[in-house]
Amino acid sequence: MKLLWQVTVHHTWNAVLLPVVYLTAQVWILCAAIAAAASAGPQNCPSVCSCSNQFSKVVCTRRGLSEVPQGIPSNTRYLNLMENNIQMIQADTFRHLHHLEVLQLGRNSIRQIEVGAFNGLASLNTLELFDNWLTVIPSGAFEYLSKLRELWLRNNPIESIPSYAFNRVPSLMRLDLGELKKLEYISEGAFEGLFNLKYLNLGMCNIKDMPNLTPLVGLEELEMSGNHFPEIRPGSFHGLSSLKKLWVMNSQVSLIERNAFDGLASLVELNLAHNNLSSLPHDLFTPLRYLVELHLHHNPWNCDCDILWLAWWLREYIPTNSTCCGRCHAPMHMRGRYLVEVDQAAFQCSAPFIMDAPRDLNISEDRMAELKCRTPPMSSVKWLLPNGTVLSHASRHPRISVLNDGTLNFSRVLLIDTGVYTCMVTNVAGNSNASAYLNVSSAELNTPNFSFFTTVTVETTEISPEDITRKYKPVPTTSTGYQPAYTTSTTVLIQTTRVPKQVPVPSTDTTDKMQTSLDEVMKTTKIIIGCFVAVTLLAAAMLIVFYKLRKRHQQRSTVTAARTVEIIQVDEDIPAAAPAAATAAPSGVSGEGAVVLPTIHDHINYNTYKPAHGAHWTENSLGNSLHPTVTTISEPYIIQTHTKDKVQETQI
């Protein structure tokens with residue numbers, strides 16, 4: 001009975017609970033829908049725009065707008081604001097447009113784009129800003145545009161492209177920078193980070209030198225037309241191994257150096273029309289294995305021996321389009337003829353001449369080395385290595401490379417590099433070879449007395465250009481078509497003597513010469529030092545003589561200006577003269593042996609001496625003055641040295 005009651009209560013509870021749970025779920029769903037509708041707001045099209053496709057496409061063109069209109073539906077995927085008068089894009093203007101994929105702002109008057117102007121556009125893949133007044137690239141505004149694929153900045157007065165200008169949009173695949181006519185500077189790192197870029201337009205940007213495009217490893221199409229660079233040098237397209245289309249039209253190109261296109265292994269289309277090209281280096285297009293479309297028209301081609309290889313190449317690889325590649329401009333009798341119609345029978349051509357042949361070289365291991373091979377610029381250069389490998393400028397080797405001028409460069413030589421290296425120079429009339437022997441020795445320690453770089457005399461038999469011209473006659477052509485001349489012409493070999501494969505050891509004669517040179521240097525040094533010491537001593541002696549002469553002159557001047565000095569010493573013990581003696585000779589005759597001394601004055605008191613203008617000893621016994629002229633002499637100075645013993649009187 002109890003069990004039956006429990007089962008009845010359980011079924012009753014379930015019957016009541018299930019409707020309550022169902023009603024609660026329905027209420028929650030209804031509330032969520034109301035909240036979503038309230039947050040989305042009403043989907044109304046702005047009055048100045050036209051909307052279609054359930055508000056996913058909004059067009060507001062040519063409405064004279066000065067700012068982005070309010071109330072753009074949140075589900076908009078395509079927004080066109082072109083041809084208005086918008087001058088500034090403020091931050092968070094499009095924050096609510098999370099589904100926007102295409103934003104067209106071209107042909108406005110936009111001068112400033114604030115940082116954060118495109119916040120919220122997580123789905124944006126195309127941004128058009130062409131034909132505006134931007135002077136700088138708004139790099140800060142591109143933040144968080146993680147899905148951006150296309151960016152159009154064409155025809156803006158942008159003056160420079162700084163480093164890392166687009167590193168915030170690594171997803172970019174198409175970048176249009178054409179017609180930047182105010183552009184003056186492109187940084188070396190301007191395109192860093194754009195490893196996904198497929199298309200780049202730099203046409204009509206007043207570019208004078210090819211910018212650094214190495215970071216664009218995935219680039220497939222490059223537009224460079226309408227610029228002003230007269231030369232295309234090797235390395236201009238370095239790193240663009242994926243490039244398929246290259247347009248360089250109307251850029252005043254007058255010279256393309258050999259090996260200029262060596263890195264473009266994937267190139268399919270090349271347009272060089274409307275330039276100033278008159279000739280091209282031999283085998284310029286040989287590395288372009290996939291090239292099928294070539295445009296060379298509207299160039300002043302000079303149809304001579306340097307153009308024969310191009311005529312043959314056009315017939316072989318582009319036989320279906322004879323008008324693609326222009327006509328002869330010179331000489332006069334060839335003017336107007338298509339390049340593919342130029343025949344070698346009309347010219348007298350000779351094999352190339354090697355102007356600077358390589359020389360034998362002895363060098364130690366782990367050093368850098370070069371073997372030069374200077375040739376005419378319109379010829380092609382290849383090197384034959386000792387192991388049979390043929391190396392050109394386009395070849396890739398870890399340590400050995402062919403430079404633009406034909407030089408074979410070793411970044412680091414090893415013992416296995418020892419052998420004969422042959423420079424092979426080719427043009428349409430034939431080829432010329434020159435060989436050199438490279439001897440690599442093992443590096444030895446503790447050898448400071450001599451260098452591994454030794455001069456080796458090489459006897460080279462050179463052939464003059466006249467002999468080559470006389471020896472080589474035009475290669476006959478068959479009726480079936482032109483054949484490459486280097487398959488039938490004779491090789492011109494410049495013989496060079498080989499150096500035995502011994503390690504260079506310093507000889508006794510070399511050591512003696514080095515010692516003699518050292519002795520001569522020491523002698524010269526000693527002579528210079530001796531001359532310096534002699535000049536110094538001579539100057540010192542002259543200075544001493546001058547000093548002595550000057551001192552003697554000063555002493556003579558002092559003696560001349562001095563007067564006589566009289567020193568009188570008087571002994572105080574001499575007795576005074578008797579009065580009788582003074583009167584004993586009135587007639588002036590003195591007594592026997594009598595000495596008459598002057599009266600000694602009291603020198604202690606100067607005033608007692610001063611009144612005596614005439615000394616009494618100046619008169620004789622007759623009363624006549626012995627010195628009548630000395631009556632106005634000033635009184636002498638009195639110097640007392642001792643008051644009791646001696647008195648010194650000095651008259652100056």
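Each residue, glycine too, has its Cβ placed from N, Cα and C.
Since the structure is predicted, the reported quantities are computational estimates derived from the model, not experimental observations.
In the three-state DSSP assignment, the secondary structure recorded for Cys45 (disulfide bond) is coil. According to Swiss-Prot, the feature disulfide bond maps to Cys45-Cys51 (among others), an assignment based on sequence analysis.
When secondary structure is read from DSSP and collapsed to three states, Cys60 (disulfide bond) falls in the coil class. Under 8 Å, Cβ to Cβ, and six or more positions away along its own chain, Cys60 (disulfide bond) finds Pro46, Val48, Cys49, Ser50, Pro69, Leu79, Asn80, Leu81, Asn84. Positions annotated as disulfide bond by Swiss-Prot, on the basis of sequence analysis: Cys49-Cys60 (among others).
Same-chain residues lying 6 or more positions outside the repeat 'LRR 2' (99-120) and placing a CB less than 8 Å from one of its CB atoms are 56, 74-93, 126-135, 138, 140-145, 152. If you look up Swiss-Prot, you'll see 99-120 marked as repeat 'LRR 2'.
In the predicted structure, the repeat 'LRR 4' (147-168) carries a mean pLDDT of 96. According to Swiss-Prot, the feature repeat 'LRR 4' maps to 147-168.
Positions annotated as repeat 'LRR 9' by Swiss-Prot: 266-287.
Counting only residues at least six positions away in the same chain, the Cβ atoms of Pro230, Gln252, Val253, Ser254, Asn299, Pro300 sit under 8 Å from the Cβ of Asn276 (N-linked glycosylation site). Annotation source Swiss-Prot lists N-linked glycosylation site at Asn276 (among others).
DSSP classifies Cys328 (disulfide bond) as strand under the three-state reduction. Swiss-Prot lists Cys303-Cys328 (among others) with the feature disulfide bond.
The annotation disulfide bond is assigned in Swiss-Prot to Cys305-Cys349 (among others).
Look at Swiss-Prot and you will find Asn321 (among others) tagged as N-linked glycosylation site, backed by sequence analysis. Residue density at Asn321 (N-linked glycosylation site): 13 other Cβ atoms are found within 10 A of its Cβ, drawing on all protein chains shown.
Under the heading N-linked glycosylation site, Swiss-Prot lists Asn362 (among others). Under the three-state DSSP scheme, Asn362 (N-linked glycosylation site) falls in the strand class.
According to Swiss-Prot, the disulfide bond annotation covers Cys373-Cys423 (among others), on the basis of sequence analysis. Of all the Cβ atoms in the protein chains shown, 28 others lie within 10 Å of the Cβ of Cys373 (disulfide bond). According to DSSP, Cys373 (disulfide bond) sits in a coil region rather than a helix or strand.
Residues or ranges marked as N-linked glycosylation site in Swiss-Prot: Asn387 (among others). All protein chains included, Asn387 (N-linked glycosylation site) registers 8 other Cβ atoms within 10 Å of its own Cβ.
Neighbour list (Asn409 (N-linked glycosylation site), Cβ cut-off 8 Å, at least 6 residues apart, same chain): Met368, Ala369, Glu370, Ile400, Ser401, Val402, Leu403. Positions annotated as N-linked glycosylation site by Swiss-Prot: Asn409 (among others).
The annotation N-linked glycosylation site is assigned in Swiss-Prot to Asn433 (among others). Counting every protein chain shown, the number of other Cβ atoms lying within 10 Å of the Cβ of Asn433 (N-linked glycosylation site) is 18.
As annotated by Swiss-Prot, N-linked glycosylation site applies to Asn439 (among others), with the evidence given as sequence analysis. Around Asn439 (N-linked glycosylation site), a 10 Å sphere centred on its CB holds 21 further CB atoms from the protein chains shown.
Annotation comment: Swiss-Prot describes Asn449 (among others) as N-linked glycosylation site, evidence class sequence analysis.
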Inter-residue Cα distance where the pair is Cys303 (disulfide bond) and Cys349 (disulfide bond), in Å: 12
Cys51, Cys303, Cys328, Cys349 as disulfide-bonded residues, winner by CB count within 10 A: Cys303
Around the Cβ of Cys423 (disulfide bond), the count of other Cβ atoms that are within 10 Å: 27
Helix, strand or coil at Cys305 (disulfide bond) [DSSP, three-state]: helix
Top Cα neighbour of Asn439 (N-linked glycosylation site) in the set of recorded positions Cys51, Cys328, Asn362, Cys373, Asn387: Asn362
Cβ-Cβ distance under 8 Å to Cys45 (disulfide bond), same chain, at least six residues away: Cys51, Phe55, Val58, Gly71, Pro73
Disulfide-bonded residues listed as Cys49, Cys305, least Cβ neighbours within 10 Å: Cys305
For Cys305 (disulfide bond), the one of Asn321, Cys328, Asn387 that lies nearest, given that the recorded positions are compared by Cα: Cys328
